[in-house]
Amino acid sequence: MAAVTANARGVVTDPAGVSPRDSRPPAPGAGGRSAESWKGHIIRELKHRDLSQHAMFQDLIRFYTQLLEKTSLTKGLLSSSARRPPAGSAPLSSLLQQSIQLKKTTGELAYQVVELQQQIKIKDSVLEEQHARLLQERRCLSRVSDAHQELRAQVEQVQGQNTALKVEYDALLERQRAAEAKLRQETVRGEELLAKVMKRKNQAAARMNSHNERRSRAREATLQAAARSKVNLDRSAVHPLSSTSPSSGFSNSSSAPSSRSTSPKNEKRDASMERKPMRLVRSASVTSPRILTSIKELFDRKRRGHSVCSQEEDLVSPVRICVSARVPARALQVLDAHEQDINAVRFSSSSDLLATGGTDKVIKLWEVRAGLLTHRGTLDGSTEGITCIEFDPMGFRILAASYSKAAMLWQLGDSVPKVTLTGHSRKVTAARFSSILHQVVTGSADGSIRLWDLRRAACLQSRNVAKYCSDLVCSENCIISGHYDGQIRVWDSRAASCVQVLPAQGKVTSLDLSSDHRQLLSCCRDDCLQLFDLRRWSNERVTFRADGFKCGSDSTKAVISPDCCYLAAGSADGAVYIWNVSTGKLETRLPDKHSSSISAVSWSLSGEYFVSVDKSKRAVLWSDM
């Protein structure tokens with residue numbers, strides 16, 4: 001009971017709820033001064049805790065104060081009962097009962113005090129945890145604040161950099177605007193210069209045409225004069241001989257007496273008259289070497305100023321006929337022919353030379369021998385990618401179209417273009433040799449079709465359709481062009497007019513003419529091939545399709561076999577599709593050699609080899625061997 005009272009007093013001394021371990025008595029033997037200092041320290045700590053935690057322990061203080069009051073009252077009663085002797089047994093028993101009751105009450109209060117102390121300990125531990133958490137949160141807040149300051153500094157730095165970049169961007173924008181304005185001015189100036197150049201070229205072409213016309217008229221007049229002189233000479237040669245003919249012999253024999261009676265002087269004059277025309281025949285006979293030489297020189301005379309023609313080119317090309325084309329079955333060789341995409345491929349008329357052209361601005365020549373392609377040479381000179389390749393009928397020259405708005409002509413022995421044909425405003429998509437010697441035809445994305453004279457590098461005719469021209473072919477006295485508006489137009493090269501329009505089933509990507517010039521093949525973007533019969537000139541056509549075949553681009557090329565029995569085209573899935581013309585069904589499909597869309601195919605004129613090229617620099621040589 002005394003221990004409980006001491007603890008209770010200690011709690012009363014600590015109104016803020018100090019735990020009993022903080023009110024331990026001083027060590028024995030310590031001086032009074034140390035005891036006072038210790039007590040003062042305890043009082044200051046308790047006051048501090050009273051100020052900070054007074055509100056939390058109001059109930060405990062009130063209960064503890066009541067307990068002290070009851071304890072003091074109990075002690076007073078016990079002390080008074082001990083001093084006074086008992087007056088009687090009844091009061092003493094009542095006091096004992098009160099004492100027992102007070103002890104019970106004191107015990108209960110002491111138990112409550114212990115429980116409250118336990119609660120105080122729990123609250124102290126919770127408070128310490130909260131203090132620890134608060135300290136941790138403050139540290140975390142400090143770190144977050146530091147990070148926030150760093151981020152603010154970074155934001156300010158980035159804002160400064162953005163401001164500098166904005167200034168640079170504004171400066172670059174101003175420079176770009178100035179450059180665009182200058183570009184527009186230069187473009188207008190270039191167009192004006194081009195117009196002037198074209199005007200001068202047209203004037204020069206007109207002058208050259210008039211000069212050539214005068215020369216041709218003079219030549220015709222010379223030939224006519226030579227023909228007249230020849231006729232006169234023949235007549236003069238026949239006239240003297242008529243006197244010695246059998247028909248005239250009878251008349252001379254009948255007049256023989258009269259002729260004999262003439263004088264010798266008249267005989268000499270007649271003899272001289274007879275000798276004169278005979279001398280004329282001998283000196284100007286049609287068999288005279290001088291006359292033959294002059295006529296030969298007249299026919300062999302050529303203008304060689306700006307001409308790129310040679311005696312070899314003037315030869316008549318032999319007609320090669322393929323009896324039966326081989327259907328390719330396996331790949332003989334696969335190689336990366338160019339550094340970039342390959343757009344065009346073509347065999348020469350002799351079938352032993354192959355030309356490929358691509359986006360890398362060059363044309364490569366390959367010799368075909370024993371089923372292998374061997375690099376023979378490279379043709380340079382184009383400033384942009386190649387779109388189309390064509391060999392001349394003799395195989396001595398190569399004509400190519402390019403993205404540089406021009407077409408170029410090479411001799412096989414020279415890597416530099418001999419002639420460059422300029423005048424289109426957009427890329428040239430097709431270039432073909434005409435049926436007329438020394439003339440070529442070009443088609444462009446600007447919708448125009450132009451006829452050129454290679455000897456003067458001048459444009460003879462220009463036809464403007466205003467529709468993208470994707471490809472063209474040339475036949476006798478006509479030009480056939482395919483366009484993106486789904487129309488195939490037939491032009492009369494003599495009248496420079498469109499004589500017929502054949503509707504296709506979509507964008508026309510390529511055209512090909514059969515070797516006998518009787519059939520026309522068109523490839524369209526609706527994934528089909530169409531075959532027209534040019535002998536009828538009607539809209540009737542045969543359409544060829546196949547499962548899996550898809551036209552890979554706006555410039556995909558399709559061809560007819562040399563024997564006109566098969567059609568071939570490359571698909572977007574990297575496979576080659578070959579159709580049989582007579583059955584209209586797919587003959588074969590050649591997969592697994594190309595990894596990208598096939599752009600062009602070509603069949604050798606001998607029918608022995610077949611080549612396909614794609615957009616991933618690859619060329620494949622096929623055959624049935």
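Using N, Cα and C of the backbone, Cβ positions are placed for all residues, glycine too.
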Report task. For the region 'Disordered' entry in TrEMBL, name the matching range from 1-36, 73-108, 289-324. Result -> 1-36
Report task. For the compositional bias 'Basic and acidic residues' (210-220), jot down how many residues DSSP puts in helix, in strand and in coil. Result -> 11 helix, 0 strand, 0 coil
Query raised in the report: What average pLDDT does the predicted model assign to the repeat 'WD' (561-589)?
Result: 93
Report summary line: Sequence-distant residues near the repeat 'WD' (561-589) by C-beta distance (under 8 Å, 6 or more away from its ends) are 322-325, 327-329, 514-516, 518-519, 521, 523, 529, 531, 542, 544, 546, 548-553, 595-601, 603-607, 610, 612, 614, 622
